[in-house]
Amino acid sequence: MGTIKQIKAREILDSRGNPTVEADVILDSGVMGRAAVPSGASTGTREAVELRDGDAGRYLGKGVRKAVENVNTVIADALCGMDASGQRALDDRMRELDGTDNKGKLGANALLAVSLAAARATAAERGQSLFRYLNPEGPWSLPVPMMNILNGGEHADNSVDIQEFMVMPTGFDRFSEALRCGTEIFHALKKVLQDRGLNTGVGDEGGFAPDLPSNEAALEVILEAIDRAGYKAGENVWLALDAASSEFYQDGVYRLASEGREFSAEAFADYLADLCARYPILSIEDGMDESDWVGWKALTDKLGDRVQLVGDDLFVTNTRILKRGIDEGVGNSILIKFNQIGTLSETLDAIAMAHEAGFTSVVSHRSGETEDTTIADLAVATTATQIKTGSLSRSDRVAKYNQLLRIEEELGEQADYPGLAAFPQLRRG
């Protein structure tokens, strides 16, 4: 038993230069666990509350001193003396202290920092890697990476509507080889863009953000990059999209500003289905607005047997909302962002519910990240089989890939890489 002796938090900066919460959980043995909390750019309205100070004279109102103070006083007073390995008891106690449905009193950023730091402290106390602590007996699986190599929407200052254009290297036996593939495609894409006289600056998540005339133009330059790198789109590399449709949905209409087009839900489902018919797209995230359940159902009925349809803003890592999706046949996958729900226990519950229902799960970063690599261990421990942690630049993104390389090395022959088997519910022919 590792008894919690001290909990302390501080304000640090994330990858976008905004404050976030970092917490240390120190055990009576002197062992410490440390965790930092990410922050999103495009956020679902039902996400747990990220407590900000609102003081316009400091960090443009985005300071987190209130959340830090809540950790150092209310949470520390309640949790010191508890067993750090009792993850659910710790998380339940913090939820009781908060007393709201959305963690708006103490802040999900306060709760999550402590929740993750406690897990790290216990793993360190036991001399285990975090993924082994979370799942001591296995099985473990290295995830297929969704590599966001071209950014649009809220993640970039350009004219592309779709937020993320990703590559998924599936035709490989090891994660390290899949990572090499994605890296080579990333560098090839830079050359493709340079040859066309396009900008090669990067967005929040490390992907390129060129000013392209349409969403299809983005797909075309990626296909050219895959070919130049020596890989085969639709064979050993597939494409994935994060439409982030809530960002361009208003009054029942989906508006693609870059193309000057407007769609009803049914018509936008047809638009996405047409893209999937003409391009090797295996996964679409947030293809409909978070509140458009009718549209989501139409999209699922149209594509759900052959394309992974991931709910991010739709499900917000919340088991209550996920259960509705499962019951109504909406989507077939959930994006997992632990700051959407605010504790490790609730995150694990969402993954378990998804897998029990035959849904896939994709463990994800946020656009505002830190050097914290917890999501890499979480993906391996839960056999999520997929991870989304940005492009192949910016150390806040690459840190997660590097942690997965270390885990692969530690697992040795047990380091399973699923490839296309990560998508068991999809019909391919």
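A Cβ is built for glycine as well, from the same backbone N, Cα and C atoms used for every other residue.
Residues annotated as active site, proton donor in Swiss-Prot, with sequence analysis given as evidence: GLU205. Every protein chain shown contributes to the tally, and the Cβ of GLU205 (active site, proton donor) ends up with 30 other Cβ atoms within 10 Å.
For the recorded site, LYS337 (active site, proton acceptor), the DSSP three-state label reads coil. Of all Cβ atoms in the protein chains displayed, 25 besides its own lie within 10 Å of the Cβ of LYS337 (active site, proton acceptor). The feature active site, proton acceptor is assigned by Swiss-Prot to LYS337, with sequence analysis given as support.
The Cβ of SER367 ((2R)-2-phosphoglycerate binding site) has 23 other Cβ atoms within 10 Å, all protein chains considered. In the three-state DSSP scheme, SER367 ((2R)-2-phosphoglycerate binding site) is classed as coil. Marked as (2R)-2-phosphoglycerate binding site by Swiss-Prot: GLN163, LYS337, ARG366, SER367, LYS388.
Positions annotated as Mg(2+) binding site by Swiss-Prot, on the basis of sequence analysis: ASP242, GLU285, ASP312.
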What residue among the binding-site residues ARG366, LYS388 has the most other CB atoms lying within 10 A of its CB?
-> LYS388
May I have the list of same-chain residues other than ASP242, GLU285, ASP312 whose Cβ is within 8 Å of the Cβ centroid of the recorded Mg(2+) site, in sequence order?
-> GLN163, GLU164, LEU241, ALA243, ALA244, ILE284, ASP286, VAL310, ASP313, LEU335, LYS388
Compile a sequence-ordered list of residues in the same chain as GLU285 (Mg(2+) binding site), six or more apart from it, whose Cβ lies below 8 A from its Cβ; state 'none' when nothing qualifies.
-> GLU164, ALA240, LEU241, ASP242, ALA243, ALA244, VAL310, GLY311, ASP312, LEU335, VAL362
According to DSSP, folded down to helix, strand and coil, what is GLU205 (active site, proton donor)?
-> coil
